[in-house]
Amino acid sequence: MAELHQTPTSLCCCRKSLSMSGARCVGDSRWPSEASGLGSPRCPLVDVASASNFRCFQLRHFHLDLRLNFAMKEISCWLVLDLLPIQPGVNTLVLDSHPSLLIHSIDCKVPMDSQEEPVSLTYRVDPFTDYGSSLNISLPTAAVKPGRLIQITVRYTTTDGPAIWWLDSELTCGQSHPLVFTQGHSVCNRSFFPCFDTPAVKSTYTATVRVPDGVTVLMSASRSSYSKQERVFTFSMEFPVPSYLVALVAGELQHVDVGPRSRVWAEPCLLSCAVKKLGGSVEHCLGVAEELFGPYLWGRCDIVFLPPSFPIVAMENPCLTFIITSILESSEFLLIDVIHEIAHGWFGNAVTNATWEEMWLSEGLATYAQRRITTEAYGEAFTCLETVVRLDALHRQLRLLGDNNPVSKLQVKFESGVNPSTLMNLFTYEKGFCFVSYLSQLCGDVRRFDCFLRDYISEFKFKSVVAQDLIDFFLRYFPELQDAAVAQREGLEFERWLSDCGPPLCEPDLSAGVSLIQPVQDLCDLWRTSDPPDLQTLMTFDISAWSTFQIVLFLDRMLDHSPLPHDVMVSLSNCYSSLFDGLNAEVQIRWLQMVVRNTFYPDLPRVRAFLHKHTSRMYTVPLYEDLVVGVMKCIAIEIFYQTQRRLHPNLRRTLQQILFQTSNTQTNPSSPPPPIMDPSPSTPPPNSTHSPPAATVTVSTTSAGTAVAIALRDVNVSA
């Protein structure tokens with residue numbers, strides 16, 4: 001997900017069929033399931049985003065030996081892969097790689113043969129797509145036999161790849177020490193280490209990291225230790241994970257324990273604030289989640305807060321969630337993000353989508369689980385309010401994209417060259433959530449569905465699945481529903497849920513949130529008239545007592561009706577702008593978007609002040625996109641030149657594309673920026689015409705690029 005705003009170009013990318021057996025690196029269960037499923041034969045899996053021949057090998061384990069060089073902004077690396085060939089006659093190992101990796105040497109040895117010296121191997125790097133290349137390694141014929149372990153060692157150096165973000169001290173919160181972090185989702189980690197960069201493959205790993213004095217290193221690992229004398233950190237992940245969940249951060253970091261299995265990490269200047277904001281919520285929500293979905297499998301549940309340059313809002317790296325510091329301003333949004341990433345401990349990390357074309361299996365289930373946790377911990381009304389905000393954003397995006405856009409499917413089909421990161425949109429979260437909610441509704445009892453999800457995790461933990469695995473398990477778990485043919489219920493067929501474009505076929509009942517939602521709608525109705533409402537009527541609405549999500553919903557719905565008459569904007573400013581000044585950035589950015597879209601010059605100084613203060617992608621890109629569309633483009637350029645030195649180079653390039661129209665994809669800023677992490681909520685969707693089945697429509701680089709541009713204005717994304 002690093003550089004989500006990039007629009008990939010079409011380059012060569014093969015669509016390879018995956019073998020029906022042997023591709024797993026963990027366990028020996030069938031993949032995919034042998035159950036019949038929806039009455040049609042199972043098609044071979046494909047992973048259009050991987051150049052590797054992972055189906056020919058079983059990855060048992062890998063080790064990384066890293067030496068970080070902050071001055072050169074590079075990492076000197078050794079990678080050791082323990083591989084078990086599973087097909088005869090395979091003499092080439094193909095790994096996903098990236099042009100930014102400088103390969104120095106590759107050798108092979110057979111661990112069982114103690115007399116054998118490592119053999120130097122020949123290799124070549126071939127183009128694959130604009131987000132990676134293929135590393136083709138010739139293997140010695142005598143050493144490669146099915147079932148015989150081989151060890152491949154790759155020596156290489158990282159340079160300027162999309163997975164690795166080097167921050168000069170000026171770009172950190174403390175502005176005194178540099179920092180580096182990695183971001184692997186979806187296909188970026190191939191620029192961190194050569195790998196089978198597909199969610200279908202999971203393995204354990206270990207790492208050794210050498211750093212200068214004063215640098216603390218963290219990784220997404222279950223165990224760690226530190227040798228002060230040698231300045232070496234060692235890590236071990238004892239549970240199998242896909243490549244994209246391997247993560248590292250190194251810099252001036254300190255921690256405070258906030259529970260028996262969780263601690264908060266941050267730069268010293270932020271640590272007390274982060275701890276105060278989180279309090280005991282991490283352990284509390286972990287406990288609620290365990291009651292719902294079974295034991296937490298990962299041991300540690302630590303959180304590290306990263307500087308505003310972090311390209312997304314949050315990332316569910318196992319044992320170590322990454323969260324952007326910018327979200328600390330909003331306690332409610334922070335809480336939802338933390339809970340969502342906790343939910344990924346079960347859905348996404350323990351059980352993972354086998355291909356990126358079914359990302360909803362991670363995000364849709366995690367969103368459902370998040371809302372079950374918030375319902376149990378904070379009440380159904382709060383959950384319904386948050387859901388309405390997100391579903392509003394989903395329908396807003398549908399209005400912009402159109403109901404027949406293929407990115408609105410749950411089962412998308414990529415064209416060659418499409419970067420899976422561009423499909424991190426509202427549909428994977430909210431349409432997926434609606435489908436899971438529908439399955440829960442079919443059970444007739446949410447507690448029964450909780451038990452189903454608990455057993456689903458137990459059945460598939462540490463494995464990668466396709467949608468058919470989930471559906472087959474669901475129908476076997478509830479045989480009475482299978483007998484009732486619920487999968488073929490007219491208008492709500494499971495196949496239509498998965499392969500139709502457009503809005504969800506149905507949405508959950510959110511009436512439990514009416515006490516929080518209806519006052520917001522009533523106030524919107526007052527302001528949507530041609531004349532400003534009278535003061536006495538407005539005094540019945542004390543929005544200073546509203547929650548952040550209520551104010552966000554109000555501003556989002558007012559943004560939907562922009563432009564507004566000038567006298568209405570004057571009254572809105574007189575009533576609320578001073579109040580908004582004292583609230584968090586999630587509220588402020590929406591009000592400022594209203595200011596820009598309505599060309600309301602009296603509040604323009606607030607726009608300037610906001611963009612001078614905030615340097616994160618989530619709070620800059622939406623405002624700049626609005627500014628360049630209207631008559632305020634010259635003001636946007638002026639602010640950019642005044643602040644550009646405080647922006648990460650990747651964000652600087654994105655804003656230059658917006659300001660000077662150097663990007664191939666033009667964005668259309670007619671929607672609010674929204675919340676963090678996952679998107680969604682609203683009233684039932686209007687009737688829509690559904691597109692043909694998935695096989696007839698694929699996602700092109702153009703449609704994917706347009707969708708991600710809209711998605712990132714509509715909601716700040718977290719994995």
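Each residue, glycine too, has its Cβ placed from N, Cα and C.
All TrEMBL annotations are machine predictions without curation.
Features of the protein shown, as given by TrEMBL:
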type: ACT_SITE; residues: E341; note: active site, proton acceptor
type: ACT_SITE; residues: Y429; note: active site, proton donor
type: BINDING; residues: H340, H344, E363; note: Zn(2+) binding site
type: COMPBIAS; residues: 670-687; note: compositional bias 'Pro residues'
type: COMPBIAS; residues: 688-700; note: compositional bias 'Low complexity'
type: DOMAIN; residues: 515-659; note: domain 'Peptidase M1 leukotriene A4 hydrolase/aminopeptidase C-terminal'
type: REGION; residues: 663-700; note: region 'Disordered'
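A separation of roughly 13 Å, to the nearest angstrom, links the Cα atoms of E341 (active site, proton acceptor) and Y429 (active site, proton donor).
For the domain 'Peptidase M1 leukotriene A4 hydrolase/aminopeptidase C-terminal' (515-659), residue counts in helix, strand and coil come to 112 helix, 0 strand, 33 coil, using DSSP. Summarising model confidence by region, the domain 'Peptidase M1 leukotriene A4 hydrolase/aminopeptidase C-terminal' (515-659) averages a pLDDT of 95. Here the CA atom of Y429 (active site, proton donor) lies 5 Å from the CA atom of E363 (Zn(2+) binding site). Rounded to the nearest whole angstrom, the C-alpha distance between Y429 (active site, proton donor) and H340 (Zn(2+) binding site) is 11. Remark: of the recorded positions E341, E363, the most isolated position is E341 (fewest other Cβ atoms within 10 Å of its Cβ).
Least packed by the Cβ count within 10 Å, out of the recorded positions H340, Y429, is H340.
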